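Below is one structure; the comments refer to it alone.
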Amino acid sequence: MAGTASFLGIVVVFGLLALIISSTDAQLQVNFYAKSCPKAEQIVLNYVKQHIPNAPSLAAAFLRMHFHDCFVRGCDGSVLLNSTTGEKNAVPNRTLRGFAFIDAVKSLLEAECPGVVSCADIVSLVARDSVAITGGPYWQVPTGRRDGTITNVTEANNQIPGPFNNFTTLLTLFNNKGLDTNDLVILSGAHTIGISHCAGVSPRLFNSTGPGGLDPTMDSEYAENLKAKKCTTPNDNTTILEMDPGSRKTFDLSYYSSLLKKEGPFPIGCGFNYECNDFGSYKTTPLESATVLL
């Protein structure tokens, strides 16, 4: 899975994500702003190049923001709207960050082309450019999205995949968006950058069915070390946990290597390796199957 070509599957699926669950009211096309705001994408890229190297953790934040936005009513920027009953207040979105960065990019674009570039497109472009800056793939982003005006906290809570969802639930949520098992596996590779917190893994370390409360689907040495040295109490909500230890600032494929060794912090990994469910009719695991695309 090494080499530049290994990112092919990720590029394809990010492109599909933008098209399949994008705003149904927009006619998307690459270089949509070529005539109305020809410098738009360069302005976004320049700002990302200026700031992301100094704050690389924001790359993961923007990719996550983009994903969460797309999973509710399509990629329409509705996650940006301020409302007490809006998506921002949904449980999965309370830890989103980078909104001031998006506002700053919007201000630059408004100065160049007032009222032309949508916030939805800004989120999509910032996510793409941030990933590319951190060593990840570059993919064409069809633009021309229209900003959504409806934001619903209940929809966000019900539709956005969560860290405690098992494989079956995650696959159902993805299927509801026209995405399949390969899409789920490949998009999960976005966890190669960024961080979580011990609260995201504590149930697998303290309240599971294995010895000492450990999740038996995790590598025992990995789990014991995590519990002894990192997430030492079940109620720790502040300690930072790298989702791809040693590589969280670089967009690469090592996250999958961790999953194959049962060292992923989230329960999704056991589903990829068929450790948690009866998948006797399958000849290969989802992770093995999707690997051919990477």
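From the backbone N, Cα and C atoms, a Cβ is placed for every residue, glycine too.
Per TrEMBL, the feature active site, proton acceptor maps to H68. Spatially close to H68 (active site, proton acceptor) yet at least six residues away along the chain are V79, E87, P92, N93, L96, A156, I160, judged by Cβ distances under 8 angstroms.
Residues or ranges marked as Ca(2+) 1 binding site in TrEMBL: D69, V72, G74, D76, S78, E87.
Summarising the annotation, TrEMBL assigns disulfide bond to C37-C113 (among others). Counting Cβ atoms from all protein chains shown, C113 (disulfide bond) has 16 others lying within 10 Å of its own Cβ.
Taken from TrEMBL, the feature disulfide bond covers C70-C75 (among others). C70 (disulfide bond): 24 other CB atoms within 10 A of its CB, across all protein chains.
Per TrEMBL, disulfide bond is recorded for C198-C231 (among others). Other C-beta atoms found within 10 angstroms of the C-beta of C231 (disulfide bond) number 22, with every protein chain shown included.
Residues or ranges marked as domain 'Plant heme peroxidase family profile' in TrEMBL: 27-264.
Along the domain 'Plant heme peroxidase family profile' (27-264), the predicted structure has mean pLDDT 90. Sitting within 8 Å of the Cβ centre of D69, V72, G74, D76, S78, E87, and not among those site residues for Ca(2+) 1, are the Cβ atoms of H68, C70, F71, R73, C75, G77, V79, A120, G148, T151.
Neighbour count (other Cβ atoms within 10 Å of the Cβ, all protein chains): 31 for C75 (disulfide bond). Calculated from their C-alpha atoms, the gap between S78 (Ca(2+) 1 binding site) and C113 (disulfide bond) amounts to 21 Å.
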